[in-house]
Amino acid sequence: MEKPLQFDVIASCSTTRARTSLMKLPHYTVETPVFMPVGTKGSVKSVLPEQLENINCQIILGNTYHLGLRPGVELLKKAKGLHNFMGWKRALLTDSGGFQMVSLLHMAEINEQGVNFESPYDGTKSLLTPEKSIQIQNAIGADIIMQLDDVVPTTSKDNERMEEATYRTTRWLDRCLSAHERPNEQNIFPIVQGGLIEHLRKLSANLHLERKVNGYAIGGLSGGEAKEDFWKMVLLSTQMLPGDKPKYVMGVGFAVDLVICCALGADMFDCVFPTRTARFGCALTSSGQISLRHKKFRMDFGPIEKNCSCSTCKTYTRAYIHQIVTSEAVSCNLLSVHNLNYQMQLMKGIRESIKVNKFPEFVQQFMINMYPNKNYPQWCIDALQSVNIELK
């Protein structure tokens, strides 16, 4: 029987660790590197599924914890999965609920059995176990599903707790794999943990390599740690994991981070950032983020960005969006569509540059656009030097 994930590397950068691939999933064949917009509760905030298709979004992310509470397993089964329920025809990935151990820590108790959560909706308590997480994800029907992992904030100084979480994550992985009822339709990705402790990262990766899986996630980062620590853990993890399977760095969405993580060998990314910053009136451009709330845009009748292909830039001006930003709901849609299109075009540019072996040149131009005075952050210089790119 054909695997539910086939991963074919079609080109690799001859200088860095970047590569572009085709990842064939049950619902869609995804080109990587790929950015995945986050639709936590079965909806990418302010954006319709057809708008996502129009900007060539290939795969989106949902959250098991929230979807398990609302709409719940019973309804998802009756709807024949989240694809049908939300009208999304392309690929889906679901997070396991592990991140909520950090984001909802004040409402959670963690032990070997699982995580006791207090519902943010009505205060009732529920136990999310590895088995329960997989049961919910089987009902959701996503192409890629995450193991439940024990997540500790990267800023934690408790090395003993970090070690406990690293071993527990692998024990929970085994329970997830045993509970998985749809292995021919859905792919479980283990999550490499270990915080910022090198030997724990290596341990976690090595333990996961002993299991039969179709891809890997790199978790426990993008949690407030120093960027110098962040990139080193990404590189260490991508070096440890096999080259014939996709590598997903969780929670990454800033443009600079995406470009550098691609150079370090990562294939997949997700983050709420593009749509969240849109709700605050901010737009992403090739020269950085701009706030359309600023009065300097009041009489600016140009698009958010020249040559942008999105429907917002083709139709509306900076002046119009300035007038309605943060006060009219439609502004969230207009800016979210633009910001997500920016992310899609950035990833497409990365893929195309790798195909013609021009990725280092792409990185140089991208960084000059972002930092025209060449005041590059030191972590960017160091990270790119580690894969043989010297910023000019």
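Including glycine, each Cβ sits where the backbone N, Cα and C put it.
Record note: among 40-44, 50-54, 275-279, 275-279 is the stretch given as region 'RNA binding' by TrEMBL.
Among the ranges 251-257, 265-271, 363-369, the stretch that TrEMBL annotates as region 'RNA binding' is 251-257. ASP149 (substrate binding site) sits 10 Å from ASP95 (active site, proton acceptor), taking the Cα positions as reference. Per DSSP, the region 'RNA binding' (275-279) is made up of 4 helix, 0 strand, 1 coil.
Report note: the Zn(2+) site is defined by CYS308, CYS310, CYS313, HIS338, and the residues of the same chain whose CB lies within 8 Å of the CB centroid of those residues, excluding them, are PRO303, ILE304, GLU305, SER309, SER311, THR312, LYS314, VAL337, ASN341, TYR342.
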